[in-house]
Structure formats: C-alpha cells, structure tokens
Amino acid sequence: MGSRPRPIRSSSLRESSTSQQSQHSDFDSDESYSDKMEGAGSWDVLDWTKFAPKSRSISHDMGEFLYYGEDVKEKGQGVVLVNTDEAGTLLVTNFRILFVREGTRNIIPLGTIPLATIDKFTKLVAKSNPAPRQSDKTPSLRLLQVTGKDMRIIVYGFRPRTEQRRAVFRALGIYTRSAQLWDFYAFTSGSIKVNTSNPKVRLLNEYFRLLGNGSNQASVNTIEDGSFTISNDLWRISGVNTNYALSSTYPFSFIVPKSIRDEEIQQASAFRAKCRLPVITWCDPVKGAVLARSSQPLVGLMMNSRSNVDEKLVAALCTQIPGGKGPRRKLYIADARPRKNALANGAMGGGSESSSNYFQSEIVFFGIDNIHAMRESLSRLRDYVDTHGATSSDGMSSFLRNGGWTWGGGNLSSMSASVSTLGDSGWLIHVQNVLAGSAWIAARVALESASVLVHCSDGWDRTTQLVSLASLLLDPYYRTFKGFQALVEKDWLAFGHPFADRMGMPAGNNNLSLELSRHISASNIPPVSPGRHSQGSPFSSQASASNHQQTSNNASPIFVQFIDCVSQLLRMYPFAFEFSSVFLVDFLDCMLSCRFGNFLCNSEKEREKSGVFDSCGCLWEYLADLRASEGSYHAHCNLFYDAVKHNGPLLPPAAALAPTLWPQFHLRWACPSEAQSGELEAQCRNMAKKFNEMQKAKEVAERKAREITNNVEQLTTELQREKHISNSAMDMAKKASKESASIKRAIQSLGCKVHLSNNGDCALDFSSFPRDTQQRVSPSPSKRNPDGNNGQFDEKSNLSVSISVMSDNDNPSGSVSRPCENLCPLRSREGNCNWPSAGCAQLGSQYIGFKANFEAFDKLSIHDTYFGSG
C-alpha cells in the first residue's frame, strides 16, 4: 500500500441544500429555451442548436457548488438531461456528477449523483429514422446512460460533433472505480470529520450494556490494557482476537459463554468457514436467552465431520432457564439458506449441522437466496420503476407511451403486465422472506425463551440481516437513534459485512480485482439492462459501453435490502421507532456515496489498517449535526414515536409481513410526486412545531402572569402594611391631640392662657391679682440669659407656650370656679370644701392644686372629665 496521506483538518462543512425543482419545467430562464422541446423521447427531431451553451448562462466559477476538497475533473456544456428534457452544465468531480440547470444556478438533483453510487455507465446511440431525402451524414445522437445503486437511471445527451461525451466518459472511467482506497473523496474531505469516539470504544460500550454493566464506560486505555474482558454470571467478553489472528473478519472482541476458555475458542474456530465461530450478538438480560451467529460448519462432503469443541461451545448457549426446574432451554439452529444450497456447499467442505450432534437443538432452513439473486432482483426492480414510472430515462412519460392515447402506458392488459413484471422482479418476495425469518427468530426468543444460532455460508450477509432485524424486533433500544447506530456498528461493521465487495469498491488491502482496473477494455462490453431499451426504445447500446465490468461478481444490495426491511417495520409500527423514513433514506444515501469512511473496506481490521478512523469523516456525527439544527422537529425524527407504547418486543404476525414498495426510496426518481408519502408527516411536523412554539409562548405568558400576580400580591401586602402604619399613626395623632387638648384644658382650668405658636418661641405670662401687676416669664430655647448662662430649656424645642395668670377681677361673673369639687378626696361628707383648712393653695380666685396633702394629690386619678368646661 502506498504511503498514508496526511489527514486534512478544518471546520466541518454542512452539505449545502439545493432547492427541489420541478422535473417538468420549461426553459423560461432564457428566451431561446422558452418553448418546450418537441417530441419528448423522440430525439430524431431534436434541434441541438437550441441547447448551445450560452456564455452568460453559467459562470466559469463553479466553486459555490463544490464541497470542501472537491475538484472539477471534466466539464460539459449544453448537455441535456434526457429524463426531464432539461439542458445544463455537467461537471465530473472527484466526488460526483454535478448537473446545473442552464440559465440558472440551480442543481438538478436527478442529474447529480455521487460517483460511488454509480453502478454502471454506458454509451448509447439514439435510433434514427432519417427521411428519404435526408443526408446519410446526419450526426447521431450522443447519449450516456448512468445507472445508480439508488434506483435511478440517468441519460445525458451530448451535442454532436463534440468530444464532450468522450471526455466525460473517460473521466468517469478514472474516478468512479478508484485504483486504491486513498483516492476516495472521503480521505480528501477529512475536514468534515468531527472529534468522535473510536468505533472499538463504542462496540465495547454496547457489550457492557448487553452484559448489564452499562454504567461502565470503555476508553482507548481500556482497549490497550485489556481490562475490557469483563463478565456476568453467564457470558464474558473475550479478547482472544485482539490482533485479528483468530479471524480477520471478526471484531477484536466478542461475547462468548463464560464456561468456554480462550484455548477452546481457538480450537472451535477451525471448524467454521473463515474461522467465524459461534459468538453471542444479543442476550436477554432477564431470561438469559441469546442470539448467536457464525458461519457454516465444515462438515465435509459426507456431512459427517464433527468438532467436540464446537459442539461444547454451541451447547453452552443453552443455559438453564431462570427459576425453571426442567431441562435447559432449547436451541434453534437457523440456516438462512435453502436446504439444497446447504447440501451443495458440502462439495466445497461446508454444509449444515446435524441436530443429533448438538445438544437439544433443532435445525431450521429459511430458504433465503444468495447475493447474486438479490443483485439481479434489484436490477429488475430498478428497470421496472424506470419503465412504468411517471418519468423515464428514455425521456418519455407513461402517458406518452403507445401514442399517448390512454393512461398508464397502454391498455388494461399492458397495465396488468406491469404488475406482473413487479412480481417477476422478486424483490418484494426476498424482503418478505428476510422479514419472516427475522420475526420467527424473535418469536422463539421472546415466547419460548430459546436461544437461536444463525448462520448462512460465510455468516456475513444473510446472517447479518437476520440477527440485526431480530435484535431490532426484540430490543427497543435498537429502535432509537443511538441504538440503531450501535446495531449497525456491531452486527454489520464489526462482524465483517464486506461493504467494499458488495458495493464494488476497492478494499483496504489494495489488492484490486480485474473489474476495478482503470483501463478500458474494448472486448469487455456489458449488455444493456435486461428488458430495458428493447423494442420501441429510441436507444441502442454502442460498441464501447463501459470502462469496467457491468457489475462486480460479488456486488449485491444486501445492506440496501436490510434498510428496506427496516422501512417495512417502520410502516407496520409507526410509533415504535424514534427515527423516520427520511432518516433511513438519507442514511442509505450517505452510505452509498462513500462520502464518509464508516462503510469503507470489508472488515474492522482493514479499516484500522487503512487509517479510516483517523482520516475520514464520520457519518454518524454528520447526521447528528443535521438533527441538532432543529431538535426533535427535524425530518429525521419520527413525530409519532412513543417509547412507552412499544417498550417490549415487536412480534408481527405472518399476515402483517406483506411488504410494499418503499416510495421514498424506490419511487423518488421515477415517480417524484407519488413518492411524497412523507408530506403528511411533514405537515404534521410543522403543525406540531407551531403548536410547540405556541405552547412555549403560552408558558412564557403564564410565567409573566404569575410574576405580575406575585408583584400585585407583594404590593397589596405592602399597601396593607402601610395602611396599618397609617392607621396607627392616625390613632396616635388622635390620642396626642386628645392629650394636648386635655393638657390645654388643665392649664386653662388653672386660670392660665395658653398660646401655641409655630415660630419656635415659647412665652409664659403670669398675671398677678392686681390687674396692673403682671409677671411675664418668657423662656426662649433659642436665647441665653443676660449673664451669658444657658437657659434651662432644650435648645431644640419647637413649642412656644404662653401662660397668663389672671386676677380675681378677670372673672366677670365673680364666681369661684372650683373644678376640683367633684374629685377632691378631702371634701367633707356633706360635700363641702374644707378649704382653707385642707391646705389648698389659691391664687386669687383660682385654685391651683393641692398644697397640703401631696400624697392625696399623687393618688388622685385625673380623667378627661376633670378638665371639662362645666
């Protein structure tokens, strides 16, 4: 292998979104394109001059359409997308064919396809029926047909007398089938790589979860020091394959029965094809039943070879049922192949087990066909949807076929024949067989608490389909985003599904097969797809058709079929899956495009050796980043997911396992309008999003209302407190007023005049008995005595009191006012006043208090009535 490239690091780029344009649009962007092309599908009358490239239509700078690390290798202008009768500019980059509509700057999705998604490409020549007077030198129509692994067949038309088709064909021959792994765009676009955990670490974390130690977290140090080999009561993680010496296609660690030693594991591996011995891929944490996988046993031509260690290992899967008093649980050995195929493999040393050799076992054959049957079946299905769809690669719609005199491409019998053609493809039958086998396995585990060992020939195609789908049915965790990732990484990537071989790509060992050669061999001319472009088709294949074999002998859509099965389960159980059908389509497109390194090579060992983990982007992080933009309302999220509704196994009955075409994947190119089955879900998602926004707005309003209510309550409480204080102050003021009035009346009762002023002065005036004798005392808190000494009053006093003592002559009536008569304790029994013998003091005609008996004065209770005016 050549020197390893240095990984390119920079910020991740999100794939630019392209507007979905109508596939039947007129060229209204330019006056010369305003008229619809005549004779759709009849290229004999096509005027190629109307599609001559315009210098003003497309800028020479195409950088805005390119991803990071994407380079334009070839360019063709005035190219026509035959499927939709649209002209544009075709670019061949190191990652994809890019088709930009003429006169605009819009990418046409149908004409844009990643190079790794291309299954084959072929030169075609349109059949021409020249008029009698037409010159024999009329140029033929130059067409290029590109067949994709994603169910589309694209035909590009090139202008005659140009070298554009040849240049594009040559570029495709170089870049569609790279000679080595390092030529993949995934290594160039390392900038989209996000810091993520090692796949080995994620695999160990899934093992920990299966063993009931989910609280443990693996790390790179855990792998390096070998401390990941933990166990529970029944099972353990073995590190016997850490350096891949035991099996090059198995992961570095796997789960085995705790009673089996590593030495026995090494011995047992020799009895299975590719050393893929029986290991546990899923276990029931409650009942102890397990799903195990392996390859076929090497029983030999006579089907009589045995291995005691292999039999012991398989028997260890039949543990005691918890709480059971009878024998150990039953073991089913599920052979995914037809019985005759299993027997035929005996000629090559393979075969199947005998139930008499394995403890308490039963052998079951599922009859699922091999990879070659699946490849041909999908090819026939692709031709069917292209021929009978709304649009076609020959430029004709269903309505235009057979003269356009009836809908559906002909009369009723032809429409019935199309349905028969769908059945003849066999794809839906294959999908049903895989689903039925998976449901049967899940039912045995869930209903009987039995263990099941699954294998086919090599144990990496049909076996992987069955165990992963059965796990999906049994474990709700695998029906979430995180769990689905763990399922794919464990059963497909770690256990060595050969993605490179099945996709026709170079593996990590750089030993390329002949069909991946860059050199074009004129002798190797693949035929056109069977049943396509036959009678009545305006196309015919040309001499030099492709740069490589039509299809690699080992290529097969096994993983595509698995995702198809998942979509069927999603259709049956719309509430059981966290992800949507849109997620499955985008996930499958990313896998087929090889834009990321997750699905490169054939095994974990090859990916590690090639440095894929360190140099390429991660598909899972890319999809997670897309979902993060809109959260749970992203198109990848299933709006109807209910984790509580389906929190256990899914056991579909046989009647529910009748599959249908998957519109979002099978029909999206041939029947774009009919493939919008997710439109209702999208509208529901928008309504749910708006409802959530309204709910949030309601919560905000309610929170503000609660805040306002709390503020009002606080203000009310404070207002009540202030009111209480105010009332207290008013009561005190009233009390003080009453006391002031009482004091005033008391002073006035002594014959004094009281004058209160607000100027800060206080004056007391006393009048003696003679009118001309007056004594005026004016103490002022703000003045000093003449001798300079301070007065006896507080300088801060604000009150001025003026008291005048009046003489007897001041009483006009001459009567003696004795307000003490009613309250005096010294009065006689007859009620007469004992003055002056009582010792009272009198100044003029006014009694100023008790003078002789001070003790009686102290005990005297003074009331407001004492100071009354009567």
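The backbone N, Cα and C atoms fix where each Cβ goes, and this holds for glycine too.
So that you can see what the record holds, here are the features copied from TrEMBL:
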type     : residues                                                               : note
REGION   : 1-36                                                                   : region 'Disordered'
COMPBIAS : 1-24                                                                   : compositional bias 'Low complexity'
DOMAIN   : 197-666                                                                : domain 'Myotubularin phosphatase'
BINDING  : Asn370, Ile371, Cys456, Ser457, Asp458, Gly459, Trp460, Asp461, Arg462 : substrate binding site
ACT_SITE : Cys456                                                                 : active site, phosphocysteine intermediate
REGION   : 527-551                                                                : region 'Disordered'
COILED   : 684-725                                                                : coiled coil
REGION   : 768-795                                                                : region 'Disordered'
COMPBIAS : 770-795                                                                : compositional bias 'Polar residues'
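Predicted-model confidence for the coiled coil (684-725) is 89, expressed as mean pLDDT. Proximity of Arg462 (substrate binding site) to non-local residues of its own chain (separation of 6 or more, Cβ distance below 8 Å) is seen for Ala336, Arg337, Phe366, Ile368, Asn370, Val434, Cys456, Ile558, given in sequence order. The Cβ of Asp458 (substrate binding site) lies under 8 Å from the Cβ of Ala273, Lys274, Arg276, Ser295, Gln296, each of which sits 6+ residues away along the same chain. For Trp460 (substrate binding site), the same-chain residues lying six or more positions away in sequence with a CB closer than 8 A to its CB are Thr249, Arg276, Ser295, Phe495, Gly496, His497, Pro498. Those residues of the chain, other than Asn370, Ile371, Cys456, Ser457, Asp458, Gly459, Trp460, Asp461, Arg462, with a C-beta within 8 angstroms of the mean position of the substrate site C-beta atoms are Ala336, Thr463. Residues Asn370, Ile371, Cys456, Ser457, Asp458, Gly459, Trp460, Asp461, Arg462 are listed as the substrate binders, and the farthest two of them sit 12 Å apart at their Cα atoms.
The most densely surrounded of the binding-site residues Asn370, Cys456 is Cys456 (count of other Cβ atoms within 10 A of its Cβ).
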